[in-house]
Structure formats: C-alpha cells, structure tokens
C-alpha cells in the first residue's frame with residue numbers, strides 16, 4: 001500500500017510540534033523555592049521573550065523573570081505581581097506569579113496557536129503608513145477594524161511626507177479626508193525633516209501607545225527620532241518587494257522623556273484578521289453603525305440585496321464608496337484565507 005503523502009499544512013504542523021518538543025527538552029527550568037523569594041510586589045512587563053520577561057518595578061528597576069507555569073499568556077504592557085529572588089539564578093532575578101486583569105489587548109491570529117495576544121493596556125494605537133512604497137487605504141482600514149473591536153483610540157500617521165511634492169501632498173490629503181470626516185485623527189509627519197514630530201510626541205505623552213504598520217513605513221525611524229538613545233535598527237525598503245526587512249526582534253515598552261510609554265512589537269508586521277467573521281468586521285466600520293439593522297432583510301450582505309440601507313447610504317454620499325469597497329474586499333479576502341487554511345471559527 002502506497003504511503004499517503006502529507007499535505008503542506010500537515011507538514012508544517014509536524015515541523016512546528018517537533019520544534020516545540022525539542023525546545024522543551026533542551027530548556028532547563030529554574031526552580032525557585034518559596035524561601036528563595038522575597039515579598040510580592042507590583043510590576044509592568046516591558047519586554048517579553050520566549051521563556052522569560054523583563055519586569056519593571058515601581059522604582060523603575062528592571063529584572064528578568066521566569067513565568068509561573070499557571071500563567072496562560074503574558075505580553076508587554078501587562079501589570080503583574082512578581083517576587084524578586086534573593087540571588088540570581090542563570091541570569092534570572094525573579095518570578096512572575098500573577099497577571100492583573102487587562103483593560104484591553106490587541107491580538108493576532110496564529111496558524112498553530114489560535115488567537116495570540118501581542119500587547120495589553122493600551123491607550124492609543126498609532127497606525128503608521130507612508131507614501132513609500134505606496135499609500136494603502138485598505139491596510140489602514142484593516143488596522144482601524146482592530147482599533148474599533150478592541151475599543152482603543154487610533155491615530156493615523158502618514159510618515160515620509162518630505163518625499164511629496166506639493167501637488168502630491170494635496171492628493172494624499174484628499175484621500176485621507178474620508179477618515180477625518182468620520183472622526184479619525186490624522187497626522188502627516190516626517191522623521192527625516194522633523195515635520196509635526198513635536199505634535200506626535202505630545203500625543204504620545206497622553207498614555208501608552210503602540211505603533212502598527214507594515215515594514216518599510218518608518219516605525220523604527222520614528223522611534224529613533226523620539227528616543228535617540230534606543231537606536232532601534234532601521235531596515236531599508238526592499239527594491240524587489242517594496243517591503244522593509246524585520247528590524248525589531250522582541251516586543252518592548254519604552255518610557256518617553258516627555259511622559260507616556262511606547263510599545264514596539266515585531267508581531268504586528270502582518271495583522272491578519274482571518275479569525276473574525278463578517279459581522280465582527282462590519283462592527284469595525286464606525287460609520288456603518290447608524291444604518292445597521294435598518295436593511296429590508298436581516299441577512300443582508302450589503303451588496304446587491306434589495307432594500308440594503310448601507311448601499312443606499314453610499315449612493316447618497318453619506319458613506320465613502322472607498323471605505324465601502326474596502327469593506328467588501330476585506331470580507332472577500334477573509335473567506336479566501338479561511339478556505340486556504342481550512343480554518344473554522346467553531
């Protein structure tokens with residue numbers, strides 16, 4: 001009997017499980033007895049690694065810690081209870097014992113592990129886009145869906161505007177007006193020339209923010225401008241793909257001199273939404289909300305359905321046709337992705 005050939009997905013899963021097994025086999029857990037640890041204290045996770053995390057205490061001191069096995073997940077921004085060891089063991093200074101309930105979190109779908117949290121307790125999501133390699137309103141809309149579902153205030157930042165001629169700049173401003181019309185804040189900046197960087201740092205001082213955006217849009221350059229001492233590695237835009245190379249290896253929370261915190265994470269280069277269904281995506285479009293539920297049919301797909309209130313609002317100029325088209329493009333892409341991955345919401 002011929003041996004059944006494994007599918008590509010099955011092969012990937014086997015390779016992933018094998019790698020995880022080898023990692024567990026090689027890892028030597030550090031065992032902390034109770035008498036080796038000090039009193040419980042509060043802290044914030046400022047960096048997360050594969051099996052460790054850096055925790056900052058209330059005095060601003062940072063300690064590398066192990067995680068109790070009972071902790072299901074831990075991300076940058078988490079507020080935790082931890083205990084410092086009486087001495088370091090293999091470079092580790094303490095143990096994280098509990099995580100306080102999160103005010104919010106942003107997550108991305110992971111092919112093997114399901115929905116994977118990226119960061120927690122965020123006040124603002126900074127959506128960074130750029131004129132190079134291209135301005136994609138579709139990508140901006142994807143990030144805005146995440147913001148709306150997580151109920152986190154967004155700021156749309158267009159970087160590298162120094163590359164624009166005045167005529168091009170006006171064209172870009174006209175494209176972005178559809179977001180201003182529905183209440184989103186826009187900031188056109190240049191990390192190179194410094195244009196509007198003071199406004200950006202003033203907004204960042206208002207809480208904890210996280211940068212999101214494709215590689216090559218200048219996130220690392222912005223961090224270098226805001227925090228020169230950090231010197232985040234800057235990657236060039238690939239001439240062949242138009243996408244920048246990975247420049248950040250671990251999620252990190254930075255304290256800003258003027259106040260506020262900034263989280264930079266490599267886990268948000270590709271912000272997949274294939275874990276969401278059509279209803280959730282629809283709720284991610286804020287200007288749709290006032291007409292939802294008023295269509296003639298309850299199962300309206302908001303396409304050519306008779307009596308569609310959403311399509312009627314577009315025809316009347318109350319809703320941007322660009323946003324409407326991006327919405328359906330996103331719904332269609334989700335169906336294709338789930339089919340390719342054999343993914344189910346059940």
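Every residue gets a Cβ built from N, Cα and C, even glycine.
So that you can see what the record holds, here are the features copied from Swiss-Prot:
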REGION    1-26  region 'Disordered'
COMPBIAS  7-20  compositional bias 'Polar residues'
DOMAIN    103-271  domain 'CP-type G'
BINDING   159, 160, 161, 162, 213, 214, 215, 216, 217, 218, 219, 220, 221  GTP binding site
BINDING   295, 300, 302, 308  Zn(2+) binding site
Sequence-distant neighbours of residue 159 (GTP binding site) in its chain (C-beta under 8 A, six or more apart):
128, 129, 130, 189, 190, 191, 217, 218, 221, 222
If the Zn(2+) site is taken as the center of the Cβ atoms of 295, 300, 302, 308, which further residues of that chain fall within 8 Å of it by their Cβ?
296, 297, 301, 303, 305, 307, 309, 310, 311
Going by Cα-Cα distance, pick out whichever of the binding-site residues 161, 213, 215 is nearest to residue 308 (Zn(2+) binding site).
213
Can you tell me whether DSSP puts residue 159 (GTP binding site) in helix, strand or coil?
strand
Near the Cβ of residue 219 (GTP binding site), how many other Cβ atoms are there if near means within 10 Å?
29
If you measure residue 161 (GTP binding site) to residue 295 (Zn(2+) binding site) at Cα, how many Å is it?
41
Nearest by CA distance to residue 215 (GTP binding site): which of the binding-site residues is it, out of 295, 300, 302?
302
What does DSSP call residue 300 (Zn(2+) binding site) in the simple three-state scheme?
coil
Taking Cα atoms as reference points, which of the binding-site residues 295, 300, 302 is nearest to residue 219 (GTP binding site)?
302
Find, among the binding-site residues listed as 161, 217, 295, 300, 308, the one whose Cβ has the highest number of other Cβ atoms within 10 Å in the structure shown.
217
